[in-house]
Structures are given as structure tokens and as C-alpha cells.
Amino acid sequence: MKRDRQPISSTSTQRSDASQLQNEDREENLHLNKLYMSCMIFFSVIGGFLFGYDTSVIAGANLFVKDDFPTYTDFQKELVVSMTLLGAAIGSLTGGPISDKFGRKITILVADAAFCTGCVIMAFTPSIFILVVGRFVVGIGVGVAAMVVPVYIAEISPKNIRGVLVNLNVVFIASGQFLALVICLLLGKNWRYMLGLAGIPALLQGIGILFMSESPRWLFKNSRESDAIEALERIYSEPLERLFGIIEEQREEANKVKQYENYPYKELIKQSFSKYSRCLFVGCGLQMFQQLCGINTAMYYGPDIMQAAGFGDENNRKVTLLSSLPLAFVNAMGGVIALTFIDRMGRRWILLRTLPFVALFMGFIGIGMGFRNHTNENQDISQNFGGWLAAGGIFLYLMAFSIGMGPTPWTVNSEIYPLHLRGVCNSLSATTNWVSNFAVSFSFLTLLNHVPYGDIFAFLLILLFAAMAFLFVFIFLPETKGMSLNKVLELFIKDKKEILESEDE
């Protein structure tokens, strides 16, 4: 039952900068309801776990699908992997308007429905075509979850730990990838169970999120002030009067954008590409380079890469799968390490110090493949050296990537957009991620196996993209750590008057 309360007056919204800073400092001093916040974060990041599990489990399942479908070709394998990414692109694009119209919680439930439906289709598929359909439906869930979960976490989190909490979603993505491979090893040839099991955590998330609060910022934006204040009271273990600063800040942010509440979606997209084009450019650019830097070639085709490097046995699929398990573990550990740095050192700081190593270690893989597969003299020595260089390179690459380029694009995108465009812009940036992912994963095996010297060229091309990503971050990305979401926006539109004018249009 909701408690009756008198609305807090909004006559003080025109506060001085000093007063605003004082209120922002108070937010850091407010006591969180740790148990409730932990539940909100846990039920949110299950979406990240499903993202990781559903995109990684196919690496193991693909090794055994041919047992049931003997004509399973490389092209069909690429299609089964990539169709999830195509679905994710569509899910990301549609998730934005759904989350802005109906709320972050409803959107998470939409993702869970897609996960459960797709898992049932895949578990009982009678043909490759139906398997592709199931992967596409799961992909819609992945795309919706990838778009909405970071936004939801960012909007409910205090600014001083926002980066850590958003990054937890990425840790759960990596954990899902690791656990997917463990389950593949445990289940052996039972690839249908591998693909169907993801329905269980999706069901858990759907039930749990029903009992969590909606984003207070979304509630304020949609004129549900009483519900928003009640949500803040559940998030913080403080009396109502102590929440005055954060209530005023979020109400003020919402009041500025209420005029856009009934705007057509195409008008919001138009505004994203005009007044806030720099925000969108940086957000989409980071998501594009995340994929062009090659992470999902390592995760989706890990067994194939390790086998090409000489580790694993094409006649013993479990050994091949086991050889890729440490890759997923290193990827998860890198995300955990990033938790300690992302709010202390900053988003830009991490990227500028890890991207050079991403490029360097991807070069190791390419050179190792060259020695392994294209050396005639001292063949045994060259092959051994090349195999170890490629295997060592992929481990070091994953560590560097998972600390920096893995979590940071999602964190930055969750905090750089104005409230009324947060769903729209995150949809566009996440769609950029999935389209890039689709292009890379769909072409990678063909490039690796059917283009002359493709096993060298593919990895050196990723090295070049990593170098370009470094220049992009150096030139365009400001530091956003420790700032309120309103202050972050001012980094991208220097003239504060221009922000206000764009909000009055």
C-alpha cells in the first residue's frame, strides 16, 4: 500500500551552482539500502548473464550439432552464430522506444519472454532452419537486455559507484560465457540441453524484477512523482527530508524533458543526430570499435582458433572445447579487475592504457598463426613456436580487452545521453554494436579458412582497428567518472545555454 505524502515543492529548482554542488555531495553521503540495491542489481545483471551465455554456448553446441544434422556446413555454422546477432540488432533498435514508453522493468520482461521462447524453439528444433529461427528469437532478447540493463542500472545508481555497478553487468556477461563452456563440457553431446537451459535464469529474472522498483528517473519523466519518491526511499535508507537534494535533481532533469513525452520516435532520432550528435557519435563509435577490436571472434570461435594454433584435437571435440575454457575465465577475471579501476581511474584513462596492448597482443596471434601454418623451414620448431605465440597472444589479448574495451563502452553509453533520449540513443548505439558484431562474426571463419593467408590477415586487420580505436578515444572521449548524469552531458555540449535552448525547442 502506498503511503500518502505531500509533494515536495519544486519552487527551488533554480538553485545556485554552489547549492547544487552541495546537494550532489549529499548524494554521496546518503546511506544505500544495501540489501534492496543488491537485489535490484542482481536481478538486472541476470540479463547480462543471459547475454553472455546465449552468445557463447553456441561455440560448444556447434561442435555437436553435426551429430544430428550431418550436412551442417561452415556457412550454416556462421548463420547460426550470426543470426543471434541480427536478432540482437533488431532487439536493441526496438528496445529503446519500448523502454521510454513503458519503462525499464517492462522492457526487461520483454527480453525475458524472448529468451524463454527462443530457448524452447532451439531445444526442440527439428531442423537447421528452425534452429536459426530460435537463435534469432534469443537474439532479440539479447539485444533488448543489452540495451536496457545498463540504462536501468545507471539510473538507479549513485554517481560515485555508477561505473562499478554498470560494469557488473559486463562481469556477468563474461561469467555467462564461462559457465556456458562449463555446461557444454558437462553435457557432452546433448547440445539441445545446452541451448535450452538459458530459459531458467530468464524465468528467474522475470519473476524477480517484478518485485523491484522502476527507475526513479523514468518515473519522474512520466509524471509519476509519488512512485519515484517511493522508489528512492526504497533505494536509500534515509528519511524523506534527507532525500531532498536527489529528488530535486531528478525532478529538475525530468521537468526539462517532459515536453518530449509525446514526441514521435522519428523526432527523437532527429534530435539525437542534431543537438546531441556528439554524444551519439562517441557512443556509437565506442560500440563499433568494441566489435572491430575482435572480442567475439575470440569468444564465438575460440575452439576453432585454439585448434588452428595447434591446441585441441579435431577428432576429440571435448578437448577442443576444454582448451577454450581458460579463455572465458581470463575474460571474466579481466572484468572483475576493471571493477577496481573504472570509478577510481576513469573510463578514458583505462581505454588509453589498454588499447595499445589489445593491438600488440592481436599482432602476436597473427604472427603466431603465420609461423604455425606458413613456414617450410624448421617446420616443427616454427609450428611449436607459432602455436605457443598465438595461444599466449589470445590470453593476453583477452585480459587487456576485458579490462578496458570490454566494459567501458557500455558504461559510457549509459551516462552520456539526456534523459529524454537515453532510450533512443542507447538503442542506436547498441544496434551499432550488434551490426558490427554480425559483420565480424559472419565473415571471420570464411576469412580465416578460405582466403590466402587469412589466418594472418584477419588478426592483423583487427590490430589496425585497435589502433584506430585508440585514436578515437584520445580525440573524442572526455572523462566522465564521478559526475552526475546532468554534468556528464555538459562535457559533450560545452555551451550550457545551448543545452537549455535545445530543451526549450
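Every residue gets a Cβ built from N, Cα and C, even glycine.
Residues or ranges marked as region 'Disordered' in TrEMBL: 1-23.
Among the features that TrEMBL reports, compositional bias 'Polar residues' is placed at 7-22.
The feature transmembrane segment is assigned by TrEMBL to 35-59 (among others).
According to TrEMBL, the feature domain 'Major facilitator superfamily (MFS) profile' maps to 40-481.
Annotation source TrEMBL lists transmembrane segment at 79-99 (among others). With a cut-off of 8 Å between Cβ atoms, the residues of this chain six or more beyond the transmembrane segment (79-99) that come close are 54-55, 58, 62, 65, 106-107, 110-111, 114, 128, 131-132, 135-148, 151, 218, 265, 300, 423-428, 430-431, 433-435, 437-438, 441-442.
Taken from TrEMBL, the feature transmembrane segment covers 106-130 (among others).
TrEMBL lists 136-154 (among others) with the feature transmembrane segment.
TrEMBL lists 166-188 (among others) with the feature transmembrane segment. Remote same-chain residues near the transmembrane segment (166-188) are listed as 41, 44-57, 59-61, 63-64, 149-150, 153-154, 157, 194, 197, 299, 318, 321-322, 324-325, 328-329, 331-332, 334-336, 338-339, 342, 402, 406-407, 410-411, 414-415 (criterion: CB distance under 8 Å, separation of at least six residues from the stretch ends).
What TrEMBL records for 194-212 (among others) is transmembrane segment.
Long-range contacts of the transmembrane segment (279-301) within its own chain (CB-CB distance under 8 A, at least 6 residues past either end) are made by residues 55-56, 58-59, 81, 177, 272-273, 327-328, 331, 355, 358, 362, 394, 397-398, 401, 405-406, 408-409, 412-413, 416-417, 425-426, 428-430, 432-433, 436-437, 439-441, 444-445, 448, 458-459, 462, 465-466, 468-469, 472-473, 476-477, 489, 492-493. Feature annotation from TrEMBL assigns transmembrane segment to 279-301 (among others).
Outside the transmembrane segment (321-342), and at least 6 residues removed from its termini, the chain residues within Cβ reach (under 8 Å) are 56, 59-60, 63, 163-164, 167-168, 170-171, 173-175, 177-178, 180-182, 184-185, 298-299, 302-303, 305-307, 311-312, 349-350, 394-395, 398-404, 406-408, 411, 481. TrEMBL lists 321-342 (among others) with the feature transmembrane segment.
Residues or ranges marked as transmembrane segment in TrEMBL: 354-373 (among others).
The transmembrane segment feature in TrEMBL is assigned to 385-403 (among others).
According to TrEMBL, the feature transmembrane segment maps to 424-444 (among others).
If you look up TrEMBL, you'll see 456-477 (among others) marked as transmembrane segment.
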When counting C-beta pairs under 8 angstroms to the transmembrane segment (194-212), the leading stretch of 35-59, 106-130, 354-373, 385-403, 456-477 is 106-130
Ranked by Cβ pairs within a distance under 8 Å of the transmembrane segment (354-373), the first of 35-59, 106-130, 385-403, 456-477 is 385-403
